[in-house]
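Annotated features in TrEMBL:
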type	residues	note
DOMAIN	61-243	domain 'Aminopeptidase N-like N-terminal'
DOMAIN	278-516	domain 'Peptidase M1 membrane alanine aminopeptidase'
ACT_SITE	Glu351	active site, proton acceptor
SITE	Tyr435	site 'Transition state stabilizer'
Amino acid sequence: CNSFCFTFNLSYFCGARHSKLTCFSSQVSPPNPEQHKEVLISSSGQPFPWNHMRLPKTVSPLHYDLGIHPNLTTLDFTGVVRIQLQVHEDTGVIVLHAKQMQITEALLLAPEGVRPLRVLEYPPFHQLALLSDTLLTRGRTYEVLLGFAATLSDSFHGFYRSSYHTSSGAVRVLASTQFEATFARAAFPCFDEPAFKAKFTIRIIREPRHIAVSNMPTVKTVALPGGLLEDHFDTTVKMSTYLVAYIVSDFLSVSRTTQRGVKISVYAVPEKIDQTAFALDTAVRLLDFYEDYFDIPYPLPKQDLAAIPDFQSGAMENWGLTTYRETALLYDPDKSSPSDKLAITKVIAHELAHQWFGNLVTMEWWNDLWLNEGFAKFMEFISVNVTNPELHVDDFFLGKCFEAMEVDSLPSSHPVSTHVENPMQIQEIFDDVSYDKGACILNMLRDFVTPEAFEIGIIRYLRRFSYQNTVSRHLWESLTDVSAHVHTRGRACIFWTKETGNIRNSLDVQAIMDTWTLQEGFPLVTVEVRGREVRLSQERYLKTDEPSLTDGFLWQIPLTYVTSASSTIRRFLLKTKTDVLYLPQEVDWVKFNVDMSGYYMVHYEGDGWNAIINLLQHNHTVLTSNDRASLVHDVFQLVRSVGRSGTTLDTALELSLYLSRETETMAVTQGFQELVPLYKLMEKRDMAALENRMKSYIVDLFRGLIDRQEWTDSGSVSERVLRSYLLLFGSVRNYPPCVEKATQLFNAWRASGGHMSLPVDVTMAVFTVGARTPEGWDFLFERYRTSLQMSVKSRMKVAMAFSPLQGKLTRWVRLRGEVMKLQDLPDVLVTISRNPHGYKLAWDFLRANWHTLIKKFDLGTSLVAYMVNGVTNQYSTTEMLDEVKLFFGSLTEETGSEMRCIQQTYETIGDNIRWMDAHLPHLQAWLDKRSSHTVHEDL
C-alpha cells in the first residue's frame, strides 16, 4: 500500500466514536472455581483471572465481523473485530486469544448500551481477559468490539508477508495467512480453539493494484478516501478459526465450474499463471468425486487454490481458499516430472478431502488431529485412484505405512489420539503418526469391514456431525452401526474369529480401533507353522535395548494370509497375546498381512523365512509386489529389533538377492530404502573399504534393471518414477554407464545455454553429475536463479546440495533468503547432511543458526523436526551422539529442549550405534562369502 494508512472508524460498528482503551477496576468478580491454584500475573502486573492454557467455556462466539487493513509498504496491519457472544454462565470476564498485537479499543456492546472493557494480557498463554463492570447473564447474547494493530509476521504463520521477484528483477510484496494450528490469534483477537466454531463476515482494505480473496466470494467493493478499496465478503458457514484465510496480492487467476456449479479458481503470480491448468482440471475432477463419494454437497459457492511464494508446509485446507507452496500446485507439462504430477494431484486431493473431513466435521480438540489428517491422507489414495488412474497411486501407499512405522517403532512415539495442551505440543503432532499411521489404520479398517460398509459409515458420520466437533468414538459408533448390517457375502475371503469359528456377523469397531489409536506403536506378529497348526503371538515392535518398554501392549489385529495351497485371502482376528489357527492342509509357505493391508509386521519362526526366501528366488511373482515389498521391509527391520531371535542379517541379505529379478517400483524402492542406509552409516565411521563393498553389492544387485532403463520419458507413471530413481542411484554411485550418459547430456545442455530440452525423467541424474564441477555448479546456479519452473528449480536445488565441492555447499546455505527461498532451506540442509562431503557442514550450520531457524519455522513444527532428524539420523558413533546431546541438552524449554524430535534423534543414533556394533562383523562375513561364491561361479 501507499504510505497512507487507513484507520478503521469504530463508529462503523457501534454508531458513535469512543475514546481509546480505558482502564478501571471491574465491579464484578470473575469466576475462579480453582482459587487454590497459582494466580497468574498479567503483563501489567495485575492478577490474571484465568489460569489454564485452554479457554473457559463460560462464553462462546457466534459470529465475527472482521475488518483488516494490511499495509504492504510499512508491513503492518490494523483491524477491528466485532464478536457476537453467547453466554453460558454468569460472568464478568471474557477470556480469548491474542498474540503479539496491540489492543487499541475494547468495548462491550450490550442492549443497555456501550461500555468500555478493561484489558489484561497473559502472553505465555496468548490470552486476553476482558473485564466488564456489568454482569454478562447466562442465556443472553452480547457483542464485544476490539480494535487492534500488529506487524505482518516475518515467519510463515499468522498474517505474514511474502514476496517474489519478477523476471525483470522487481520485488513484489503480498500478505497471506496460515492459521493452523494456533496462529489465528496472531491476526485478530479470537477464540482460537477448534471447538469454538462461528461464522465470519470479513472486509479487507487494499490498494486498487491488488486483489483480495478470502473464504467466501466478494459481495461488493466500496471506494474509500485516499484511493483505497474495501472488499466485503459473504458470510462464511460455521467453522473453526484456524480455517479463516485471506490474501492481498497481485495474483492472476483461471477458473472453471464443477458439474454442480461450484466455481473453482487457481491463483498464482502473473508470470506463473500458465502453470495452473493442471491444478484447475485436477481440482474440478476431485471436487466432483468427493461430492459423489460423500453424498454431501460442497457447501460453499466457490473453491480457490492459491500458490503462495513463501509457504512453510505443503498446503492448507482453509475452507473455500486452500493455499499451497508453488511446487505443490504449479505444473509445467514440458518441464514437470511424473513424480511432480503425482505429488500435486495428491496434495490437492488431500486439501479438498479436508473440506469434509476437518472443515465440515472437526475434531473437538487437537488430540484427535488424526481424524482430520489421517482421513485426508487416506482419501488422497481413494480419490486419485478414481480420478487419475494413470498415476497408479496405489503403488505408493505402502511407503506411507513404512514411513509411519519408522517413527512409531521408537520409544518416544505417541498414540494416534494423544494428549496435547500447549501450541508446541499441538504443532508436534502434525507428524507421520497423525498423517500416515492414521491413513494406514483407516485402510486396514476399510479392508476389514469391507469398502462398502466403510463408505456408508463415514457418510453417516459426516451427516450426523456436520458443522460440529467430534472425538474418535463418534467415528467408531457410525462404523459399528453400519458394519453390523452389511453382509460380507461375495468377498473373496473367509473371516474367522476365535469365538465363533465362522464368518463374523457383527463388529465392535471401537473395541478394535481403540487398541490402534489409544496406545503408541504397532504389533509384531510371530508366526510358527507346524503341519496344519499355525501358532500366533503378538508383541510391540520396538527399536530399543529396553525390553520392559514392550510390556503391557495388546492389539486386536485383523490378520490376513494366503498360502502355497490357496490364493484366497483368509482372515483371523487376533485378540489375545497368543492363539492358534488351523489350515485346511499342510502348506509349503504362508504369507501374512496380504498386500500389507494391516499396520503390523510379521516374523516367520522356524523355517518360515527360509521358505519365503526360496519362493522369492524361484517364483517371486506368485506374491504381489506389495507383498514382496513388505517382506523386504519386515526382514530388515527385524534385524534392528534388539533380541529378536531367528532373524539374522544373513537372513535379510539372502532375501535381498531376489531383488536382482525385481522390476516393480514399490519392491525395488523398498530394497534401496533398506540397503542404502547400511553404507550411509558406514560413511560416518570412515570405514571406506567395507562401505565400498556394500555400495558395489547394491549396484550389482540392480545392475540389470539399471541397464534396461532408457534415457527417455517413455512408459507409465510408475515406470518413469522408477527410471528416475534408478538412474539417479547409478549416477550417484558412479556406475560408469550412468555417469558417462549423464555427463554427455549435461555438457550438451550447458552448451545450449540451458535451452536444450532434456528428458524430464533423467534431469535429476544429469543435474547431480553436472554439479560435480565448479563450472557445472555455477551454471546450475544461474539457471536456478532465473528459472520460473518450480519443479525444475526443485531438482536443481537438490543436485547442487549433493555436490562434492564443499565451498559450493557453504555458499549454497549462505544464500538462503536471497536466491533460495527460506522455505527451501530445510530440504537443502538435509540433502547436504546426506552428502558424504557435507554432513559435518549441515550439523555445524544447524547448531550455529538454531535460534534463527526456530524463530522462522516455529518450535514444534514439522520442518524443525525434519531438520533435526534429517541432519542427525545417519550418525552412528558414540562421539557424535555425545556431541548431539551436548548441543540439544544446552537448550532451554523456550528454545526447544522439550521437543519430541530431540528424543527421537537420541533414540535413532543409539539404534544406529547398536546396529553397527552388533552386525558389522556379520555383514563383512556375508560379503566375503558372497564374493567367494561369485568368484567360484565365474571360474
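Yeah, the Cβs are placed from backbone N, Cα and C, and that goes for glycine too.
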Pairwise CA distance, Tyr435 (site 'Transition state stabilizer') versus the residue listed as 'active site, proton acceptor', rounded so that it is a whole Å: 13
Close in space, distant in sequence - the residue listed as 'active site, proton acceptor', Cβ under 8 Å, 6 or more apart: Leu305, Ala315, Met316, Glu317, Thr322, Tyr324, Ala376
Cβ neighbour count (within 10 Å, all chains shown) around Tyr435 (site 'Transition state stabilizer'): 26
Average model confidence [pLDDT] within the domain 'Aminopeptidase N-like N-terminal' (61-243): 97
